[in-house]
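**Student:** Please read through the structure below; I'll follow up with questions.
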Amino acid sequence: DVVESQEHYKSRWRSIWIMYLTMFLSSVGFSIVIMSVWPYLQKIDPTADASFLGWIIASYSIGQMVASPLFGLWSNYRPRREPLVISTAISVAANCLYAYVHMPHSHNKYYMLTARALVGFGAGNVAVVRSYIAGATSLTERTSAMANTSACQAVGFILGPVFQTCFTLIGEEGVTWKFLCLQLNMYTAPVLFGALLGVINIILIFAIFREHRVDDMGRQYKSINSDGEGSDVLDQNPEGSIDHVAVVALNVLFFVILFVFAVFETIATPLTMDMYSWTRKEAVFYNGIILSVIGIESVIVFMVVKTLSKKTGERAILHAG
């Protein structure tokens with residue numbers, strides 16, 4: 001007996017697709033330079049060692065860890081458009097900073113560290129994205145929508161290294177634009193491309209994104225952070241019983257998965273350069289291909305999960321995973 005107007009349905013899913021795009025771009029911002037950080041770091045600051053590379057990689061995650069609860073708290077009391085736009089703008093600015101880390105005459109490695117930390121801080125909007133999608137979908141839609149979210153994240157992991165691999169064609173020297181004091185090469189072109197995508201994302205959030213909230217049955221109600229759109233929605237209590245043990249267990253599981261991935265992302269490039277005598281350009285190119293294949297595998301898994309979860313339930317999928 002739940003009736004949703006066609007206009008509301010279309011607006012709700014357009015907004016969800018914008019969140020898919022935001023998740024995708026956040027993932028691209030992470031992976032588009034992950035294989036080139038070490039060779040670029042060696043080029044701009046010879047004093048940097050492999051241990052400092054670990055701090056640069058970690059800075060992204062630390063920034064995201066700090067920002068996620070802040071943006072989440074912000075979105076609880078204000079329209080979600082605000083943290084989404086601000087976080088994306090921070091990522092755009094951080095990518096531009098990364099493109100200029102070669103400029104200072106000393107301490108370049110610390111500028112790169114700052115740039116990656118700020119990119120990670122901007123990526124804290126992932127918490128807002130997931131919470132919005134969870135709140136804007138009914139119970140029957142939610143598993144599929146969350147799987148799509150993870151698939152978009154995985155596609156970002158795929159295309160980020162692919163973009164990086166394509167940009168290796170520019171070479172290490174590339175082109176220098178003196179009037180902008182910018183070196184456009186295989187290290188800076190990816191982040192500038194990521195900044196451009198971020199600007200497009202901000203425009204789409206302003207133009208298309210709308211605040212929507214539905215209960216498990218798909219009935220719309222006014223969220224506490226609604227910006228006044230859709231005055232005909234019903235006020236309902238969104239709070240329900242929360243299984244805190246399940247939430248903690250899933251957070252721990254997510255931590256373990258990212259912990260394993262962090263090992264690969266940190267040591268892959270320096271390890272292959274040492275073990276196979278790859279040049280900086282070869283390491284970026286081949287590791288980009290490797291990470292792309294891993295991403296393709298992830299997308300396939302997410303698509304399978306969408307189908308199997310309807311037949312076996314989430315618990316069996318978690319055990320199998």
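All positions are counted from 1 along the displayed chain.
Just so it is clear, glycine is given a Cβ too, placed from its N, Cα and C backbone atoms.
What TrEMBL records for 15-321 is domain 'Major facilitator superfamily (MFS) profile'. Residues annotated as transmembrane segment in TrEMBL: 17-40, 52-72, 84-101, 113-133, 154-171, 191-209, 245-264, 284-305.
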**Student:** Which one of these stretches, 17-40, 84-101, 154-171, 191-209, has the most C-beta pairs shorter than 8 Å to the transmembrane segment (284-305)?
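**Tutor:** Counting Cβ pairs under 8 Å, the winner is 154-171.
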**Student:** Taking the transmembrane segment (113-133) as the reference, which of 17-40, 191-209, 245-264 gives the largest number of Cβ pairs under 8 angstroms?
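**Tutor:** That would be 17-40.
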**Student:** On the 0 to 100 pLDDT scale, where does the domain 'Major facilitator superfamily (MFS) profile' (15-321) sit on average?
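**Tutor:** In the predicted model, the domain 'Major facilitator superfamily (MFS) profile' (15-321) has a mean pLDDT of 83.
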